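*Asks:* Heads up, here are the entries from TrEMBL:
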DOMAIN    A:16-230  domain 'MacB-like periplasmic core'
TRANSMEM  A:260-282  transmembrane segment
DOMAIN    A:262-371  domain 'ABC3 transporter permease C-terminal'
TRANSMEM  A:303-325  transmembrane segment
TRANSMEM  A:345-367  transmembrane segment
Amino acid sequence: MNLALRDIRHKLGRFLLTCLGLSLLLGVVLSMIGIYRGLVDDALSLVRAPAADLWVVEAGTRGPFAEASRMPGDTREMVARIPGVAEAGSVTYQTVETHYGGQTLRLQVVGYEPGRMGGPAAIAEGRAIAIRHGEVVADIRAGMALGDRIHLGRDDYLVVGLTRHHVSTGGDPVLFLSLRDAQDLQFLPKPATYRRDQARGAPPPALDTINAVVARLGAGISPEEVSREIGRWKHLGTNTQAQQEAILVQSVVEKARRQIGLFTVILMTVSTVVIALIIYTMTMDKMRDIATLKLIGASDRTIVGLILQQALAMGLIGFGFGWVLVNLVADRFPRRVLLMPEDAVMLAGTVVLVCVLASSLGVRLALRIEPAAALGG
Amino acid sequence: MTPRAPLAELSGISKHFGEGETRVDALRDVTLSLYPSEVVGLLGPSGSGKSTLLNIIGCVIEPNQGRMALDGKLVFDGRSSGADLRRLRLDKIGFIFQFHNLLPFLNSRDNVAVVLELAGQSRSAARQRADELLDYLEVSNRALASPSQLSGGEAQRVAIARALANHPRLILADEPTAALDSQRAGIVMDLLRKVATEQSATVLVVSHDEKIFDRFDRMLHVRDGVLG
């Protein structure tokens, strides 16, 4: 018979309450991992949306995400003409704050040329931008609905499409505009500034400016070869898609990764200590029973099994509760919590190790209990 | 008439705890023999060494000096003989405690069956034997009750059933009637007598309970670690 299971059933309420407490701790660990995964995935969603092979940016910069990058709007035509480039699109990126639904809304605005690369990876509802002015596609996290109007800069824009999982590295939902609208929003001075500049004879503002050109290459074309060709224009630099993703992760997500990683380690340490104390207390409660078991002939292996199985049951049930709990509340987090099965498996494995480690205190105590303790005197 | 062979034989057994100034001689040069089918009382005031003697006979602790054999098997001979004490306890000795010491997370039947499963018997065989013993001790109607649901007398009967599970040759009872009234104490002693007679087991009872002294075949008195 399984003594561990019988003992658990005997004090089921207390055991489940303990598991529930543990599940909150492990749920926080899972959340932290999920937040990190969400952070990376969100960050990469922006850079992966255009499905580019090559990013053309201002020379000497790590733009457009890690550093500012500006170049003339005709760069796209230049890049498109290079042999091996199958398709190219101009893009702009900026962060704006506006008021929507009575609240201040922070948005990552992406400008692209409708019909060319640089737009949303997929439209979840509605349609893509069809005209050059006045339409937007918003991520569902912005809280907008199809047909809504949003005021940006000087104009109102109609929401014609919705996307999912398009957010910035800061977690701000992405708003896709036509390139022209995005350029106006980013580079067109306020009327008063414009009038003042004109009055002092300043040249008109360079509105046809972009932050990057994304390019898709033909089959079998080496990005390095095309990069070399583009590099002949001294004002341009290039990054492959892999380099762009690496820049984003290293520059933007790395500190958050370390922070979350350290916090996760601390939480796992706390969990280990908590499990160890619980198992130790449970063993203390059973000292007389363990002494009796030893006296009637139970082996050390039986006693160790009793404690270890209870520790493992507690850890795994706590983990299971935690997993369910986090899945239930994941959507309520302000930032995306991405729960990956492989992370769950890894954490479950860690919990098993932690339980084995944590039960060592209880096992040590149990092995030191003398069978004579069952007899009086 | 063929002289009976002793079941347990102790010769010159001494046991001390601590060393130097803190040394306490719990037993000194104890020699005794216990025979099958007899019910023996082990008496003595608190701290006299009777619990130490019970622990040594029960293969729970080892003496420092002397020789001990149990059921023909040498257990100690001046120094540890290397005998597997746990296995000896499991196979040859049954224990009965003052407060029954039933495992609170097992029902009556499983409290008995657990000993058999520890000895390697199958679950079904263990349960069958447990049911037989509970029936033998007239407590089969409480087979599925947990220890907390049993009266003192019922719990002690289940404890006796557990002690008998592996057909032990020696039953050691530590104050088995201390928590019971006279009537129930008498019933428990009758049961122990029945076991000793029917199963040729030796029953050694540590007790302060004068009302059961007349139930013993003989009484051993321990005082200051010496068997009188």
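Every residue, even glycine, has its Cβ placed from backbone N, Cα and C.
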*Asks:* If we skip the immediate neighbours and take only residues 6+ beyond the ends of the transmembrane segment (A:260-282), which ones have a Cβ under 8 Å from one of its Cβ atoms?
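*Replies:* Cβ under 8 Å, 6 or more out: 18, 21-22, 25-26, 28-29, 32-33, 35-36, 39, 307, 310-311, 314-315, 350-351, 354-355, 357-362, 365.
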*Asks:* Using a Cβ cut-off under 8 Å, which residues of the same chain at least 6 positions beyond either end of the transmembrane segment (A:345-367) come close to it?
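*Replies:* Residues packing against the transmembrane segment (A:345-367) from afar: 26, 29-30, 33, 268, 271-273, 275-276, 279-280, 282-284, 286-287, 290, 300, 303-304, 306-308, 310-312, 314-316, 318-319.
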*Asks:* Write out how many residues of the domain 'ABC3 transporter permease C-terminal' (A:262-371) are helix, how many strand and how many coil, based on DSSP.
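*Replies:* Secondary-structure breakdown of the domain 'ABC3 transporter permease C-terminal' (A:262-371): 95 helix, 0 strand, 15 coil.
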*Asks:* Need one number: mean pLDDT over the domain 'ABC3 transporter permease C-terminal' (A:262-371).
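*Replies:* The answer is 90, the mean pLDDT of the model over that range.
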